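Down below is the structure, laid out as structure tokens.
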């Protein structure tokens, strides 16, 4: 019972510290911007933001959209959801570990998990990882409960959270594979409720989304998006585990697996890791593996009765030392750039902003985001229903040709566009460069192509009178390229 009170205290401390720190958090990640703009689109019923593009499932964006309805378009809404999800994850993970082993192992596992760099970063980021992990772990928790007591309510809850996980990230369906492998290996008793509630009903409820996905994106479009991301990348994901959770990963390898519950956890780890390894190595995708390695690590430490508290303390200190830069990192540069843009547009009476930057910058810029035909949805009925048709740019109408000045915000992380912009920089009446220092975790990722490159944002106010007709048309063609966004004030 004392352990339960302690876990409540841990959750409370983490929640309070992160809430206090919430004002220092901003959208620093490319995908945070994507999610925020899509949530804005859902919240405004299509009149603002950027349309949902099926790159990820829609649940996280829809939840954020509901928060936007309550609090307005605030950037702290995204990390707030991650903070809430992480606190819930800590509690459900603790309960899960108690079921698998005992309270002492559960407490050790939880402490090890929350001290890893993975948790310290994603628990307060604006990405969907924390929310997905909560759904993922909760589904497995109720799955295990259902195996214990065979209650239909637990099978039903397992299916519900499995469905939520699938609608949050495309790694969610790995749960179905885990259930099937467990059902044919260590689970001896299987009844119809097992398959009905954990697999059949969730799959049926996923079908409408899959049908809409195929209808709007097309099978060819889906293949062109994801086929290039497939490969054999298991060693790269192994690197992420060693790099960002080294002590718990190595100590977990020393744990001797012999009980049924050990094989239950091992099956989850191996199934998820092997399946994940065939996809592109994004470090965040390995996050769901961390709690299970923490569980094996704690189980190994638990055997050393006299020194297990000291060992756990040492591991926690090492984890925090290795991730200290991640723990203290924050940057307001993205929002400051946006504020600068808004101020310049007001001072120079600018009507059009052309941007070639990550979408987290766009979130704060005032104005209507215009869309090219490629950025709009393929279904014209949906475009009309959501008002997207009014925001679609016609390629043959040069919107910026008659303007006195336009503002261009570029970034060297898009080198092709930056190179094409080079001839126009000499015509700029105002220039300013701002450097952005990314989160330390991304510089530690050796597979991140930008880790050795300074990220420079360049603000240009272009004098259109200095451009001839050919240059104006050339600039307009640049505005229509992929990665470029036009914002109308």
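Cβ coordinates come from backbone N, Cα and C, glycine included.
Note that TrEMBL annotation is computational and uncurated.
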Annotated range (TrEMBL: transmembrane segment) out of 109-126, 127-144, 343-360, 361-378: 127-144
Per TrEMBL record, range annotated transmembrane segment [choices 51-68, 285-302, 393-410]: 285-302
Stated TrEMBL location of transmembrane segment, expressed as one of 29-46, 263-280: 263-280
Selected stretch (most C-beta pairs under 8 A with the transmembrane segment (237-257)) from 5-22, 156-182, 263-280, 285-302: 285-302
Paired segments the transmembrane segment (156-182) and the transmembrane segment (76-98) in contact, 3+ CB pairs under 8 A: no
Same-chain residues near the transmembrane segment (285-302), Cβ under 8 Å, at least 6 residues beyond its ends: 89, 93, 97, 100-101, 104-105, 108-110, 112-113, 116, 118-119, 122, 129, 132-133, 136-137, 171, 237, 240-241, 245, 247-249, 251-252, 254-255, 262, 265, 268-269, 272-273, 276, 279, 308, 311-312, 315
Cβ contacts under 8 Å made by the transmembrane segment (263-280) with residues that lie 6+ beyond its boundaries: 100, 140, 144, 171, 174, 177-178, 181-182, 185-186, 229-234, 237, 257, 286, 288-289, 292-293, 295-296
